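Here is the structure we will look at, set down as structure tokens.
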Amino acid sequence: MAVIQKYGKTYNPDLVCHKDNHLPAKIVPGCHKKWPEHNTSWSRPVARIWTVVLLLGTCLLYCARVAMPICAVSMAEQFGWSKRESGMVLGSFFWGYCFTQVFGGYVSDRVGGEKVLLLSAAAWGSMTAFTPILAHFCSQPILSMTLARFLMGLLQGVHYPSLASLCSQKVVESERGFLMSTVGSGSYLGTLVIGGAGSLMLDLYGWQSVFYVSGLLSVLWAYCMWKYLLKGEGPIITLESLGSSGAQSKLTKRHWLRLLKQPAVCAVIVTHLCTASTFFTLLSWLPTFFKDTFPDAKGWVFNVIPWLVAIPSSLFSGCLSDHLISQGFDTASVRKLMQFFSMGVSSVFTLLLCGTTTFPWAVAFVSATMGLTTFSHSGVSVNVQDLAPSCAGALFGVMNTCGAFSGPGALVLQCFLSQPGPAPAPASALSHSSGDVVE
């Protein structure tokens with residue numbers, strides 16, 4: 001990362017262009033994309049419109065993703081599923097999710113992230129809306145739902161790599177933090193929306209309504225994006241476009257090996273893996289921790305408040321990082337600072353949770369941990385776009401694949417550490433204080 005620190009924000013080299021770890025004297029032709037429509041950065045008003053649209057899309061992504069977990073109990077009662085079968089249905093999503101990360105980023109780098117986002121949203125939105133139909137009209141609902149969740153994972157796996165590719169090509173460096181942190185907050189907003197509205201629809205209209213509403217809204221979002229932002233221009237990805245001589249055609253096996261040998265790239269991958277494992281462990285373990293430690297506490301308090309804190313925290317991190325860069329601070333140093341807050345400072349509050357004996361303080365420490373963790377949206381999540389903008393989507397896919405596989409590993413470790421006695425404090429399972437791993 002000394003390369004980027006040396007040149008600051010006036011020159012942001014693409015690590016794909018490096019040969020034998022030396023900086024080129026000038027930017028090599030073909031190092032960046034040759035399509036002018038993908039190289040032209042958005043103006044600030046256009047970027048703000050896209051930010052709101054992508055925020056809404058990410059919110060709907062999580063509404064569709066969390067629909068099945070919300071309805072799992074009702075569906076299990078109706079179809080007679082055991083806990084093992086329900087777990088198989090829910091877990092099949094993540095197996096599909098891991099397989100399309102790199103592919104989604106690779107295609108986005110070639111044809112444009114907006115096209116991949118549009119097509120995938122239309123597909124997973126339709127899949128969500130048709131889920132109740134598949135469940136009722138198939139003789140084996142458990143098999144059809146497992147397959148449907150696997151396909152949902154495949155289709156949604158391209159979302160974040162496509163965002164990274166789109167942002168690296170359309171957003172100037174000093175505004176990427178705000179866009180990615182704002183769009184990233186859509187995941188927390190979507191979880192809250194589907195948790196509240198979805199539970200209400202489940203009680204009033206049945207579990208089918210949750211899938212119908214979230215699926216149709218997602219399809220409507222994709223249509224509006226195509227109609228008003230892309231102006232109806234072809235969302236079709238052709239074989240000719242995939243085979244065109246863009247930047248990705250230069251990425252041979254030798255280029256990938258050189259790229260993955262870069263210390264900065266390795267640091268980004270390891271850092272994202274640590275961040276993802278922390279998030280997955282918190283997500284799955286916190287309800288159990290509060291239930292075992294504070295059995296009389298109201299569930300909605302610790303299930304809602306941390307997510308409410310995470311949304312403004314994510315927005316603040318993006319504004320702060322962009323402000324620092326616009327004031328002349330080195331881009332790499334700003335990314336490191338954001339990641340330090342995300343991993344280093346948040347781990348302090350996790351350690352404080354070890355000794356707390358009161359419910360209000362426990363909620364406060366957890367909320368602080370979740371809020372600070374969101375600073376990674378303007379840290380490692382954006383840094384991959386600074387390192388290799390010409391293949392940011394594919395590289396983010398590699399990074400996110402590693403992070404996705406860390407989820408099951410973190411859960412296994414959690415179960416292992418939780419066996420000998422009462423529920424352990426989070427610090428025993430979340431040793432992620434090595435924030436200095438950041439590039």
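Backbone N, Cα and C atoms are what each Cβ position is placed from, and that goes for glycine too.
Taking TrEMBL as the reference, the stretch among 337-363, 364-390 described by the feature transmembrane segment is residues 337-363. The range from 178-198, 409-429 that TrEMBL describes as transmembrane segment is residues 178-198. Away from its own ends, the transmembrane segment (147-166) comes close to residues 54, 58, 61, 64-65, 68, 89-90, 92-105, 107-109, 112-114, 116-117, 120-121, 123-124, 127-128, 131, 134, 180, 183, 381, 384-385, 392-397, 400 of its chain (Cβ-Cβ under 8 Å, at least six residues beyond either end). Within its own chain, the transmembrane segment (305-325) is flanked in space by residues 9, 173-182, 184-185, 188-189, 191-192, 286, 331, 334-335, 337-338, 341, 363, 366-375, 377-379, 382, which lie at least six positions past its ends and keep a Cβ under 8 Å from the stretch. For the domain 'Major facilitator superfamily (MFS) profile' (50-439), the model gives a mean pLDDT of 85.
Away from its own ends, the transmembrane segment (116-135) comes close to residues 54, 57, 60-61, 64, 67-68, 75, 79, 104, 107-108, 141, 144-145, 148, 151-152, 155-156, 158-159, 162-163, 165-166, 207-208, 211-212, 214-219, 221-223, 225-226, 230, 235, 237 of its chain (Cβ-Cβ under 8 Å, at least six residues beyond either end).
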